[in-house]
Amino acid sequence: MAPGMSGRRGAALLCLSVLLAHAASRSHPASPSPPGTQASPILPVSYRLSHTRLAFFLKEARPLTPAAINGSLQRSEPFVVFQTKELPVLNVSLGPFSTSQVVARELLQPSSTLDIPERLTVNWKVRAFIVRARVPASQPVAQVLFYVAGRDWDDFGVTERLPCVRLHAFRDAREVRSSCRLGGALATCLVRAELPLAWFGPPAPAAPPSARRKSPDGLEPEAAAESQQVELYYTLHAPDASGGCGSARRGPGPGPGAAARAESPTQHPLLRIGSISLFRPPPRRAVQEHRLDSNLMIRLPDRPLRPGEVLSILLYLAPNSSSAASPSVEHFTLRVKAKKGVTLLGTKSRSGQWRVTSELLTGAKHSTATVDVAWALDTPLPPWEGQGPLEILQLDFEMENFTSQSVKRRIMWHIDYRGHSALPDLERAVTELTVIQRDVQAILPLAMDTEIINTAILTGRTVAIPVKVIAIEVTGLVLDVSDLVECQSHSEDIIKVSSSCDYVFVSGKESRGSMNARVTFRYDVLSAPLEMTVWVPKLPLHIELSDARLSQVKGWRVPILPDRRSARESEDEEEEEEERRQSANRGCTLQYQHATLQVFTQFHTTSSEGTDQVVTMLGPDWLVEVTDLVSDFMRVGDPRVAHLVDSNTLAGLEPGTTPFKVVSPLTEAVLGETLLTVTEEKVSITQLQAQVVASLTLSLRPSPGSSHTILATTAAQPTLSLVKQEALLSLWLSYSDGTTAPLSLYSSRDYGLLVSSLDERVATVTQDKAFPLVVAEAEGSGDLLRAELTISESCQKTKRKSVLATTPVSLRVHFGRDEEDPTYDYPGPSQPGPGGGEDEARGAGPPGTAIPAGEVPGLGTAGPVPPTEDYLPLPTGFLQMPRGLTDLEIGMYALLGVFCLAILVFLINCIVFVLRYRHKRIPPEGQTSMDHSHHWVFLGNGQPLRVQGELSPPAGSALETVPACCHGDHHSSGSSQTSVQSQVHGRGDGSSGGSARDQTEDPASSPTSKRKRVKFTTFTTLPTEELAYDSVPAGEEEDEEEDLGWGCPDVAGTTRPTPPPDLHNYMRRIKDIA
């Protein structure tokens, strides 16, 4: 073999051996040590709720079967939504994969009594307030105010779509109905149901005396008035076509149970409001009396007055006024002074027995009147004993207008008897009048929601609920008097109220809750309480760590950073590179285990003030997660032992024990605490578990056993079903201490992750620092992937990577029957494909669209080049775009290219040799000259074939004009031919051989030619240096007529000597080799 050729073949073999050795080292990973009993990995997805105002994720306090719910391919999470204006959206994500689902109305309000088409009414409640609990027969009207609690008062778009409310009043077997429609800014309406007077009749004989109550005037009415009870219920129904609610119904009807059955199937059942009492007050005049002195008295209406109203006050002579001890009343002067706001219009006599003269004087601040009263008869005034009051005169006063809601007006009275001294000023009488703008019979405070969850204890942010106070007039008019009321909280340790009385709130300084936290509102002489339910978090908080004992991990070295948190959260590439250089200077240390943390609590309250009975929101079986609420107030007692990576992750720093606590945002008091231990013991990674996740599916359903909570279940699909579909790996680490942790718990800067495909015809891998993606190429299944976890590049001590763990990954790629993407039939990673090792790709495209081998559309037709990589045609007919290559792939492809180039050079040399062999022939017999002929020289001691005379040319021959081949003109043959001659002679007889130049130095007649006889023959040349050993003579040895000619072809025409047998055998061997 030629030296040049042997060197190139050796380089090619060296490249091939390197590739095979590298592939062998990558196909046999070290088996991890058999793990012990490890906790099962759980799909590490993250849930997030949006478009909500108040919602919590939950956890069962005593889970029954957690293993059946959560696993490596499934995870369930319960949650509850308290306040929202629109349908919430639940998002679940895993790395770059995410999916969302809108929470359906049926899950949010499974049993809502207030159903509005195409409107969300979560936490909406219809509240009812009885205006008057005791209804007199003089005003036989039952009044109930309805309003919608839990609705945002700024939501005006729904006020025109609210339903009607029907009030049902039952008295024994009789029923009265009346309806109103909810509306207005507060979504309120007042139902007034007129009750039959027969319902105020005598009571049943069985009425107990204990049922009697005292009337407001202090009198005790008969038991008959107190025993009449009327039960009140309500239902909701849609308005009619005109938007009305129908007319009221009065008369006999079925009882409550029968009435519920009488409603249409779409109506809600009867909901109880309460009961009212009916009574008949004793007949009495609604007047009040005031004694001016022992002789005179006045009477005026017993009711509030209205602006502009004329008030008539009558002056009477009281009974028993003409006694001996009393001064004479036959003639007296009455002086009246009305304060500002009251005008005295005039006076007139009510009886002809009295003569009345008056003088009126109106001033800027008050008006006065002097009235002279005298007995008009000639007879003296008889004693007035045992008789009723005697009317004397009438005084008319007018109430002036004012801006406030109510005012107090005063009228002063002074009497001067003729002939007697006046009464002292202390005995002067004063009458006080109440003048109001409206005749309000009741006030009702309304809160936007009836419950308040005190999260301010955890966050320090105030939670407030707006409040409105409305007044109800006797006529049924509803007014907003929120700006005119006063308020006070009964216990600020539970709930507080603003100074302007427009909202109630909790600030975080409260210590307990209550089912009936009370705030009292006052309007003029009226007052009414507002009762709220206040929920407070149960303390101490429950802090849950996935691992309370953290250890160092053997072999896992990470860079030493000044602030691990800032390094993890940094996203700037320049900052990341700078930190990497700094960490290289600081060195590396062993990685500590990480632990996830969650904070839970229960919101509870007391059943009523003064009792210790505890009521838990959602029941005692649920814990509410408040990790996000307290994330800003988490503290590690000793920052040298551990630190917070983020709001959900703890990491160890050095051995020790430290408390982890949640502090109050207002008082720095500890709300919850747990101990964290960082041990000196080291643990090792026993197993790297990997699961392919091709897609995520999210499903929502009601939580079993609770109508308020919703269970979200996320399932991971491990099978890739589409061409070019991407999947990621869910990776978990198992430690020797029996704990497991997701790899995503650690920063991607602290490790290296290499995912490789063992058969790239089935799947390829797109390397990513945190989430390598698997791309489906063709159908297949098995352990087709391998995941390798290494330490950070900056902590590698040698060029050989430190592998922490490696694991095979099972992958299944199966395209559905309806899938039109091409599939790939392959015999396996270690077997050649059909057709002499070339793989076969079958496309699913239409006939005539397949791309033949060696042809690429738009690039012309190439020759039959052996394939180096198989590409699957895309169903759209477009060319597949190349993916980015990693450093490992670039190196492997470079070695493969060198190997292929060496093979190509070898093939070219072979082709050139064959072509030249087939086209070269010896010259025909008698040819005088041959261009490009090779001269074979045989040097030996055998006898010459011819005598000296025969070898010498005759005189005058053409030797002088025709170049003699014996001289071997090297100028005509070329250097390459000379080189071939030298190599062939060296191999033919073992001698060093001679060149043509050496032969010309010794003429044919030289005496030295007798010592060594030279034999010449001529063959067809092969002008290839490297393949000289494959030379084949142009002549056929078997042909007797074309034997080898020795000497020059121009002089050998006369004699055809027979070649020696050894040369004949040698040339046959050369031909056989070719």
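Using N, Cα and C of the backbone, Cβ positions are placed for all residues, glycine too.
If you check Swiss-Prot, you get these features:
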{"type": "CARBOHYD", "residues": "N70", "note": "N-linked glycosylation site"}
{"type": "CARBOHYD", "residues": "N91", "note": "N-linked glycosylation site"}
{"type": "CARBOHYD", "residues": "N320", "note": "N-linked glycosylation site"}
{"type": "CARBOHYD", "residues": "N401", "note": "N-linked glycosylation site"}
{"type": "SIGNAL", "residues": "1-23", "note": "signal peptide"}
{"type": "TOPO_DOM", "residues": "26-894", "note": "topological domain 'Extracellular'"}
{"type": "TOPO_DOM", "residues": "916-1074", "note": "topological domain 'Cytoplasmic'"}
{"type": "TRANSMEM", "residues": "895-915", "note": "transmembrane segment"}
Euclidean distance between Cα atoms of N91 (N-linked glycosylation site) and N401 (N-linked glycosylation site), Å: 63
Set of same-chain residues at least 6 away whose C-beta sits under 8 angstroms from N91 (N-linked glycosylation site): Y47, R48, L49, S50, S98, T99, S100
Position of peak Cβ density within 10 Å, selected from the glycosylation sites N70, N401: N70
Helix, strand or coil at N70 (N-linked glycosylation site) [DSSP, three-state]: coil
Within the predicted model, mean pLDDT of the topological domain 'Extracellular' (26-894): 79
N401 (N-linked glycosylation site): secondary structure state under DSSP, collapsed to three categories: coil
